[in-house]
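Novice: According to TrEMBL:
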- 22-465: domain 'Major facilitator superfamily (MFS) profile' (DOMAIN)
- 114-133: transmembrane segment (TRANSMEM)
- 139-163: transmembrane segment (TRANSMEM)
- 175-201: transmembrane segment (TRANSMEM)
- 207-228: transmembrane segment (TRANSMEM)
- 273-290: transmembrane segment (TRANSMEM)
- 350-383: transmembrane segment (TRANSMEM)
- 403-428: transmembrane segment (TRANSMEM)
- 440-462: transmembrane segment (TRANSMEM)
Amino acid sequence: MLSPRKNCGLVVPQRWIFATLAFLALAIGNAMRAILSITITEMVVPINSTQVPTDETCPSSSVHVSKNGTVKIGTVYEWDEYTQGIILSSVYWGYTATQFFYGSLSERFGGKYLLGQSILIPAVLTLVTPVAIDWGGSTALIVLRVFIGVSSSAMYPVASTMVSKWAIPEDRARIGGFVFTGFILGPVLGTTLPALIILHSGMGWPAVFYFFGILGILWFPFWAFLCYDDPLEHPFISATELKYFQENLAGNNNALEKLPPAPYRHIARSKEFWAFVIGMTGCDWAYFTMASDLPKYMSSVVKLSIENNGYLSSLPYLCMWLNSIFSSWISDRILEKKWLTLTGVRKLLAMISTIGPAAFIMIASYAGCDQVVVVTAFILGMTLQGSSYPSIVVNNLDLSPNYAGTLMAIGNGIAALGGILSPYIVGLLTTNQTAAEWRLAFWIGFVVAVLTNAVFTVYGSADVQEWDDPDFTRRPKRVDKGDCNCSN
């Protein structure tokens with residue numbers, strides 16, 4: 001029986017304090033992952049364009065970087081494209097390996113401190129990155145990025161688990177949608193602010209790591225003192241808001257109680273679950289390609305200045321965020337009119353968010369040195385990526401509301417392999433940073449998108465699976481010989 005509290009809570013509902021700080025966590029955490037994609041363009045000595053065919057390179061549109069790097073502020077390093085690919089992908093090594101661990105822990109023991117460490121530890125490691133590079137070069141940077149990935153991999157699955165505790169079913173679209181758009185704001189901050197900091201701080205690229213490291217550290221005390229695992233544990237929640245949760249979650253005890261372990265064997269046998277995983281992998285491949293390598297493409301091939309690169313690399317994420325809102329509205333409208341089933345809506349938007357970006361990336365690769373066409377194609381591609389939020393991204397909640405954290409941990413962990421492979425492949429293929437080399441890398445992404453989306457279209461579903469029920473029989477029934485109705 002839940003004990004009543006005196007009506008002495010804060011005026012602002014605690015569920016929205018949680019949502020705001022969780023939103024900021026995802027934004028800051030994703031920004032710390034994204035800053036290297038733009039900062040690395042100022043950390044390395046640029047390739048001498050006279051060493052590659054002139055018809056495969058574009059004329060430079062900026063003069064702020066000299067060939068020998070003397071105009072750049074901060075130490076520059078002679079890392080080849082292969083090394084840069086390893087550096088950019090290293091954060092996803094740890095990110096992929098530990099998501100399942102965090103998803104399972106958060107469902108059973110709560111997510112407050114798991115989410116808290118996913119920002120605090122990467123913030124500290126980000127803060128010391130410039131010193132670590134001076135000491136250990138690219139190896140030290142790779143090690144730091146791996147540990148940042150290990151810690152930050154808790155963000156997505158733990159946030160999913162906590163949203164299920166802090167949002168009643170009717171509010172999950174609003175609260176969950178608000179929280180997860182932090183993932184979109186993160187790359188906006190992680191590409192726009194670094195360009196401004198590099199240009200105006202007087203400290204060069206090291207200032208980017210100092211700024212975001214301090215930002216993450218400042219966030220943590222607010223989270224530690226104001227947020228809790230669920231409404232029942234919150235000491236500041238008002239009696240009115242506590243009653244709100246009691247009444248609206250009364251028929252869903254699993255939202256406020258500890259669940260039994262997830263039925264992993266049945267999950268592993270579910271074709272609907274694997275369709276979700278494969279579909280997310282294809283969608284994420286295009287995302288990781290743009291998130292990790294778009295600033296490099298803009299700098300090395302299209303020859304944008306660092307300032308224009310920062311602005312134009314962030315603009316696609318703003319459009320992506322707007323489309324995520326629009327797609328959610330369209331999804332609700334289609335369901336309201338009963339034009340398609342929920343499964344049909346998920347598949348339609350998944351196709352748009354997977355095939356669309358891959359197609360526009362290909363258009364950009366054939367646009368040559370036309371900066372307007374290239375930038376427009378990338379913006380349109382990333383805009384369509386926003387349709388993944390009301391489709392593939394929430395499909396784990398469709399299949400299993402109770403074990404959404406586990407499904408997201410497994411699915412997003414496997415899909416994050418694209419974050420490892422995509423920058424690695426780009427680094428192998430683009431040794432001279434020519435348009436032809438990048439075009440081949442983009443073709444690989446297009447094929448991945450088509451094949452994975454085909455699997456989701458055929459086998460995907462938005463129906464709740466039978467193994468979602470905590471009372472579902474976990475072991476196969478054994479049939480005794482005496483119970484068998486056999487005839488001679």
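Glycine residues also receive a Cβ, built from the backbone N, Cα and C atoms like all the rest.
Owing to the predicted nature of the structure, the values given are computational and were not obtained by experimental measurement.
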Novice: Looking only at residues six or more beyond either end of the transmembrane segment (175-201), which have a C-beta under 8 A from one in the stretch?
Specialist: 15-16, 19, 22-35, 37-39, 42, 73, 156, 159, 163, 166-167, 207-208, 211-212, 291, 295, 306-307, 309-311, 313-314, 317-318, 320-321, 324-325, 328, 386, 389, 393-394, 397
Novice: Is it the case that the transmembrane segment (139-163) and the transmembrane segment (350-383) have 3 or more CB pairs under 8 Å, with pairs at least 6 apart in sequence?
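Specialist: Contact between the transmembrane segment (350-383) and the transmembrane segment (139-163): absent, because fewer than 3 Cβ pairs are under 8 Å.
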Novice: Return the stretch with the most CB pairs under 8 A relative to the transmembrane segment (114-133), choosing among 207-228, 403-428, 440-462.
Specialist: 207-228
Novice: Which sequence-distant residues neighbour the transmembrane segment (350-383)? Criterion: at least 6 residues beyond either end, Cβ under 8 Å.
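Specialist: Contacts of the transmembrane segment (350-383) (Cβ under 8 Å, skipping residues fewer than 6 from its ends): 58-59, 61, 279, 282-283, 286-287, 289-290, 294, 298, 302-304, 312, 315-317, 319-320, 322-323, 327, 391-392, 435, 438-439, 442-443, 445-446, 448-450, 452-453, 456-457, 460.
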Novice: Give me the mean pLDDT over the domain 'Major facilitator superfamily (MFS) profile' (22-465), rounded to a whole number.
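Specialist: The answer is 83, the mean pLDDT of the model over that range.
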